[in-house]
Amino acid sequence: MDSSKKTEVVLLACGSFNPITNMHLRLFELAKDYMHATGKYSVIKGIISPVGDAYKKKGLIPAHHRIIMAELATKNSHWVEVDTWESLQKEWVETVKVLRYHQEKLATGSCSYPQSSPALEKPGRKRKWADQKQDSSPQKPQEPKPTGVPKVKLLCGADLLESFSVPNLWKMEDITQIVANFGLICITRAGSDAQKFIYESDVLWRHQSNIHLVNEWITNDISSTKIRRALRRGQSIRYLVPDLVQEYIEKHELYNTESEGRNAGVTLAPLQRNAAEAKHNHSTL
């Protein structure tokens, strides 16, 4: 297909990245290869958007550390970069709003890629982490331009897809908007049955043409949870995370028993918010 007729795509990965691993980076490469192989798409950008501290996940270390590690991990990539907008929000931001934010930036032509975290100093960049907070307020939605706008799609693993069924973790209207208006590129792991999960969900089945399942033939079972466990036990994580990330973790002694206890006993932000909204809606019936 003529490259001018291909749909341009921006891959967006949201998550904790606690810490970022080589597997996170592989997701982008796998998705890019798959989308290009269809002959219908041209992947022009990859975005890593770490969740903010308000997510309140157990063991989640401060966002500025996770941002810096993600910047270090993508330092040599010419197409995958880190965006700090979600991390800088005072409250937890729903994934659909992050997708919408980036789509609107592309539509209005205000996309300023490549973007770097102010916490990671580069030549000519002297801004501090706190300096960017003044720019962190959500922008008002803008009317999209009619043509030539790249499509933002959510890049994820099968675990995120299957999390759609966890009560109060996602709002049904958000799931519908994600799969209908944006689309998913899901990297499947061994042991997962993403196709069956789609079949069992009316919403996902209805929009299955906008859900791309990518088989990971070279299996890789690296996860942030396993990385943190190894670090707590004093075991090596070399070759599981980029070298610069390993050096940063060791320098700042980031993951230990104490850090794993952060937010212990605290309800995850989406569960708390969605349960409260459901209770309110029920009481008003």
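Glycine too: its Cβ is placed from the backbone N, Cα and C atoms.
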What range among 123-129, 144-150, 277-283 does Swiss-Prot record as motif 'Nuclear localization signal'?
123-129
Among the binding-site residues Ala158, Leu169, Ile227, whose Cβ has the fewest other Cβ atoms within 10 Å?
Leu169
Tell me the Cβ neighbour count for Thr225 (ATP binding site), meaning other Cβ atoms within 10 Å of its Cβ, over all protein chains shown.
12
So how many other Cβ atoms are close to Thr95 (NAD(+) binding site), meaning within 10 Å of its Cβ?
23
